Amino acid sequence: MAMDPFSQLILTISVTSFLTFQWLFHRVSPWMSIRISSGFLQLSDKQKVEWNSRTVSTFHALLVGLFCLHILFFDDAVNENPVWGDPTLVKINVAITTGYLISDLLLIFYYWKAIGDKFFVIHHLAALYAYYYVLGQGMLPYFANFRLLAEFSTPCVNQRWFFEVLGYPKSSRPNMVNGVAMAVVFFMVRVAVMPVYYGRMYAVYGTEAFYLVPWGGRVAWICSSICLDVMNIMWMHKIARGCYKVLRSAQRSKSGAPQENGKTD
């Protein structure tokens, strides 16, 4: 059975996205990083792998995050019918993310000793399972797009690692500004939005539109959301604790008070 032209376009975007993110990892990031940061050449091979992975991650987050905001503010069809609204723009954005997630999974498995993380594997697989229903059947476009808002926290998380590996002290001004921004943005786009997300989910629960979603789609929608949000709360807890410790340490340093055990982290 032949694919319709739009499905072919979505498949093409996903494959192009996958190849582009592989190219960014293997070619663009190393070339660009040498020119932007002299510290890149001093990194170990494992650190360079993670550096390139995070560079690509930041690019993906900004690209799909901005696209996501455009849909959230201007795509009336999706906002008025969150379960079955016209998913055209959402499908394009999700196709880009699907290509990225598959690319990143491949890199995670290939460079497991450098960037292997079971939580990221679970995160990526849960997201891909949910996106299968968006791309394949066009359902739940509002909820799929809303989840992509979370990507806005990624650049700050990655920048924190860049500062750390380049040897910036935790109490340095760039590190502290980024740390506070990371905690605030992470909370806003991953935790504070939960009531809005689940409120919208509750509003459509039990409606005719809800019952038109097959069981597999409901599982992908509800279970994946809960799975991802449990991890988001865990990560938020770690980020908040880290941010508090650094700010407390900096305050003590400024006031000249002795630090416990001589440690600042």
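Each residue, glycine too, has its Cβ placed from N, Cα and C.
Checking TrEMBL for transmembrane segment across the ranges 6-25, 226-245 points to 6-25.
Under 8 Å from some Cβ of the transmembrane segment (94-112) lie the Cβ atoms of residues 10-11, 13-22, 25, 49, 53, 56-57, 60, 63-64, 67, 120-121, 124-125, 127-128, 131, 134-135, 144-145, 148, all in the same chain and six or more residues away from its ends.
Across all of the domain 'TLC' (46-248), the predicted model scores a mean pLDDT of 93.
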